[in-house]
Ligand SMILES: CC(=O)N[C@H]1[C@@H](OP(=O)(O)OP(=O)(O)OC[C@H]2O[C@@H](n3ccc(=O)[nH]c3=O)[C@H](O)[C@@H]2O)O[C@H](CO)[C@@H](O)[C@@H]1O[C@H](C)C(=O)N[C@@H](C)C(=O)N[C@H](CCC(=O)O)C(=O)O
Ligand SMILES: Nc1ncnc2c1ncn2[C@@H]1O[C@H](COP(=O)(O)OP(=O)(O)OP(=O)(O)O)[C@@H](O)[C@H]1O
C-alpha cells in the first residue's frame with residue numbers, strides 16, 4: 001500500500017510524504033521486515049521511539065512517531081501513535097469490520113463464556129463465527145494462541161481480515177478494560193457491545209489506577225458500538241453506560257428489563273451439568289444451558305438478548321446453548337460410565353473455590369478434585385489450593401501441574417500443608433497421566449470428577465520445556481488402553 005494512502009487514516013505532520021510502498025506496519029523493532037513502516041509506541045516497560053533507528057537499520061522505510069527521531073527515512077509525526085496504529089491498521093487491512101458483524105463483550109466475569117455461547121448460537125443458526133479472546137483466536141479449525149485477551153489493534157484488524165476472508169459472518173470479541181484503555185479496539189464501530197457485570201479486579205501495577213478508572217475504561221465500549229446489551233441487575237450498570245452513544249437493550253431478573261429471566265433450576269444427567277431457565281419479554285421460551293452454575297443464566301441471557309437484536313431464531317438459541325462448550329472451562333468429556341468428568345482451568349484458590357462450590361450444588365455422589373500446582377510460583381497458592389480442595393472435595397487427587405524447575409514431590413508437600421488444615425481425604429499420584437487413569441478407573445456412579453488446572457493448555461512445562469499434554473487426548477488414550 002502507498003504511504004500516502006495509508007496516512008489518509010490519521011491526522012499527521014510531515015515535511016514531505018514521498019511516494020513510498022509500505023509492505024506492513026510493525027511496532028516491535030525485533031519483528032521488522034524490510035519495506036515496513038515502524039510505529040513507535042510508548043509502553044509500560046519501554047518507549048518504542050528508542051528502537052526506531054534499529055528498525056530502520058533492519059529495513060523500515062518510514063517511521064511514525066510522537067516526537068522527532070534521528071533516522072534517515074521519512075518521519076511522520078502524530079499526537080498519539082497507539083490510536084494512530086488502530087486507524088492505520090484498519091486502513092492497511094481494508095476495513096475488515098465492514099465485511100462482518102463485530103460483537104464486543106466487556107465485564108469483569110463471563111466474557112469468555114458469553115463469547116462461546118454467542119458463537120454456539122450463531123453457528124447453530126448457520127453463521128460462521130470467529131472468536132477473539134482469552135483462549136486465543138478461533139475460526140473454523142484455526143486456533144491461534146495470543147498473549148492478551150484483547151490483542152493489539154494491529155492484530156485485531158489482521159484477525160478480522162483473516163476471519164472475513166475465511167467466510168466468517170460474525171466475530172465475537174472479548175474486550176478487556178485494558179484493551180479499551182490502550183485503543184486496541186479503536187478504528188471501527190462494533191455492531192453490538194455486551195456488558196456482563198462489574199466488580200473489583202485489575203487494579204494496580206500496569207493495570208488500572210483505581211475502580212473509577214476501571215469503570216471509565218469499560219464504559220468506553222458503549223461509545224464505540226451501535227447497540228449496547230446491558231445487565232441491569234448489576235448495581236454498576238448506570239455508571240457503565242454513562243455517556244453512551246448507542247441504543248440500549250437490557251436484560252436481567254429485574255422485570256423492568258427488555259429480556260427477563262425466571263424459574264431457573266440446575267439440571268444434571270451423567271455427562272451433562274447445566275442450568276434451565278425461562279425467558280420472557282421480547283421473546284418467550286425455555287433454554288437449557290450446557291455449562292454448570294447459576295451465573296450462566298446471566299451469560300446465556302446476555303447472549304440471547306444480543307442474538308434477538310440480530311434476529312437469530314429462538315430454535316438456534318436453544319440448540320446453541322444446549323450444545324455449548326468452552327474449551328477447558330468446566331468442559332465435559334464424554335465417558336463410558338455413569339459419572340461426569342470435567343476439565344477446568346481453575347489454578348488458584350479463588351477459581352477452585354468457585355468451581356467446587358458450583359459443582360457441589362449438583363449433589364454428586366462424590367466430588368473428586370484432581371489438581372497440582374505450578375512450580376516457580378508463590379507457595380501460598382499451593383497451601384490455599386490444598387485447603388480449598390480439602391474443604392470442598394470428597395476426595396482430592398494431588399498430582400503435577402507445570403512443575404517448571406521445581407521437584408513435583410516438593411510442590412505436593414506444600415499442597416499437603418494446606419490440605420492438613422482440613423480433614424479432607426486425599427491420595428498422591430505425582431504423574432499426572434497416572435492420576436487421570438486412577439480417577440477414571442476408580443470412578444463410581446454419580447461421581448463428578450474435575451481435572452483442575454490445565455483447562456485449554458495442551459502441554460506440561462517441565463525444566464523449561466513444554467511437553468505435549470492435552471488432557472482430552474490423554475483421556476482418549478487411557479480409555480483405549482482400558483478397552484484392550
Ligand atoms: C501493560 C500492558 O498492557 N502491556 C501490553 C503492551 O506492552 P507495552 O506496549 O507496554 O510494551 P513495552 O515492552 O513497554 O514496549 C513498548 C513498545 O516498544 C516496542 N519494543 C520493545 C522492545 C524492543 O526491543 N523493541 C521494540 O520495538 C514494543 O513492541 C512496544 O511497541 O502491549 C503489548 C502488545 O500489545 C501487550 O502484549 C502488553 O500486554 C502485557 C503482556 C499484559 O500483560 N497486559 C495485561 C495488563 C493486559 O492487557 N490484560 C488484559 C486483560 C486480561 C483480562 O481481562 O483478564 C488483556 O486484554 O489481556
Ligand atoms: N456472569 C458471571 N458472574 C459471576 N461469575 C462468573 C460469571 N461468568 C463466569 N463466572 C466465573 O468466572 C470464571 C471465569 O469465567 P470467564 O472465563 O467466562 O470470564 P472472563 O470474563 O473471560 O474472565 P477473565 O477475564 O479472567 O478471562 C468462571 O469459571 C466462573 O467461575
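Glycine too: its Cβ is placed from the backbone N, Cα and C atoms.
These features come from TrEMBL:
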type    : residues                          : note
BINDING : 107, 108, 109, 110, 111, 112, 113 : ATP binding site
DOMAIN  : 27-75                             : domain 'Mur ligase N-terminal catalytic'
DOMAIN  : 105-306                           : domain 'Mur ligase central'
DOMAIN  : 328-455                           : domain 'Mur ligase C-terminal'
MOD_RES : 218                               : N6-carboxylysine
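Here the features listed in TrEMBL are placed on the structure.
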residue	record	DSSP (3 states)
107	ATP binding site	coil
112	ATP binding site	helix
218	N6-carboxylysine	helix
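Secondary structure counts, DSSP: the domain 'Mur ligase N-terminal catalytic' (27-75) has 13 helix, 10 strand, 26 coil. Sparsest Cβ environment among the binding-site residues 108, 112, 113 (other Cβ atoms counted within 10 Å): 108. Within the model, the domain 'Mur ligase C-terminal' (328-455) shows a mean pLDDT value of 96, rounded to a whole number. Across the domain 'Mur ligase C-terminal' (328-455), the DSSP tally of helix, strand and coil residues reads 48 helix, 27 strand, 53 coil. Screening the recorded positions 110, 111, 112, 113, 218 for a C-beta under 6 A from any atom of ligand 2 leaves 110, 111, 112, 113. For residue 111 (ATP binding site), the number of other Cβ atoms no farther than 10 Å from its own Cβ, over all displayed protein chains, is 25. The ATP site, placed at the center of the C-beta atoms of 107, 108, 109, 110, 111, 112, 113, has further neighbours from the same chain whose C-beta lies within 8 angstroms: 105, 114, 174, 196, 197, 299. Each of the recorded positions 109, 218 was scored by the number of other CB atoms within 10 Å of its CB, and the largest score is that of 218. Long-range Cβ neighbours of residue 107 (ATP binding site) (same chain, at least 6 residues apart, Cβ-Cβ under 8 Å): 114, 194, 195, 196, 197, 198, 218, 231. Other C-beta atoms found within 10 angstroms of the C-beta of residue 110 (ATP binding site) number 23, with every protein chain shown included.
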